[in-house]
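**Student:** Could you have a look at this structure, given as structure tokens, before my questions?
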Amino acid sequence: MTQSPANDPRMPRTDTQRHPAPEVLREQVRVPYREALAAMDERNRAIAAGDARELVWLLEHPPVYTAGTSAAADEMLDPRFEVVEAGRGGRYTYHGPGQRIGYVLANLAVRGRDVRRFVHSLEGWVIDTLGELGVESWRAEGRIGIWTRDIDGTEAKIGAIGVRVRKWVTMHGFSVNLAPDLDHFTGIVPCGIDQFGVTSLERLGMTLAPEAWDEALLAGMDTFLDRIDGHCPT
């Protein structure tokens, strides 16, 4: 993991009336998926034991297909990359260059023990960030993920959500398509939904560097934390 400067004024504040601010790590190089899983596992245990702060980890992976606990074999259409059992909820998804990942390790034992509120707040954080960038997006009833209007007017997925909770500490999080090779999503049925396509900011006509996405996302981190604490509506 590559640690952000501790004194970076752009990092969210620590309020003495709240929990200590999570550590924020922003990777500049791609992290192999298996390495990320091992790091999350270790950090999860440390947070649960009270030996580490919560973590927001922003990164990209080399190309990989990941399988959630509900993944069905017939939804793997063309395994052109390594397929890794992720241990999170959900089905198959693709991760790779041009897609920004946010792994959020939050201690729900001190934040209300409400997994549904956490997931809803995580979705809201991504939706709000896209909105600040001028892209309208939304949740869709019965379809996990973050959805938007594609260039042909149809609804398409621009972000994925997948979470695991162990000892009341969350793992995994979200991915947002900045400028990935969308053809790689054709190797799977993304999240088990074959009636809708996948899109990206690039496909919608926006060029956005990972650093710019991170800045926009972190600007809303305090609101996200308030939501998972139950201090404001999700």
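Yeah, the Cβs are placed from backbone N, Cα and C, and that goes for glycine too.
Keep in mind that what you see is a predicted model, and the values were worked out from it rather than measured.
Straight out of TrEMBL:
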type: REGION; residues: 1-22; note: region 'Disordered'
type: COMPBIAS; residues: 10-22; note: compositional bias 'Basic and acidic residues'
type: DOMAIN; residues: 50-229; note: domain 'BPL/LPL catalytic'
type: BINDING; residues: Arg88, Gly89, Gly90, Arg91, Tyr92, Thr93, Tyr94, His95, Ala160, Ile161, Gly162, Gly173, Phe174, Ser175; note: substrate binding site
type: SITE; residues: Lys157; note: site 'Lowers pKa of active site Cys'
type: ACT_SITE; residues: Cys191; note: active site, acyl-thioester intermediate
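Help me picture where these features are in the structure shown.
**Tutor:** Around Phe174 (substrate binding site), the same-chain residues at least 6 positions away in sequence with a Cβ under 8 Å from its Cβ are Ile101, Gly102, Val104, Leu122, Glu123, Trp125, Val126, Ile146, Gly159, Ala160, Ile161, Gly162.
For Lys157 (site 'Lowers pKa of active site Cys'), the Cβ neighbour count at a 10 Å cut-off comes to 25, with all displayed protein chains included.
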**Student:** Which whole number of Å gives the largest C-alpha distance between any two of Arg88, Gly89, Gly90, Arg91, Tyr92, Thr93, Tyr94, His95, Ala160, Ile161, Gly162, Gly173, Phe174, Ser175, the residues noted as binding substrate?
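**Tutor:** Pairwise Cα check on Arg88, Gly89, Gly90, Arg91, Tyr92, Thr93, Tyr94, His95, Ala160, Ile161, Gly162, Gly173, Phe174, Ser175 gives a maximum of 15 Å.
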**Student:** Between Gly90 (substrate binding site) and Lys157 (site 'Lowers pKa of active site Cys'), how far is it from one CA atom to the other, in Å?
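**Tutor:** Gly90 (substrate binding site) to Lys157 (site 'Lowers pKa of active site Cys'), Cα-Cα distance: 15 Å.
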**Student:** How big is the gap, in Å, between the Cα of Tyr92 (substrate binding site) and that of Lys157 (site 'Lowers pKa of active site Cys'), rounded to a whole number?
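**Tutor:** So the Cα of Lys157 (site 'Lowers pKa of active site Cys') lies 14 Å away from that of Tyr92 (substrate binding site).
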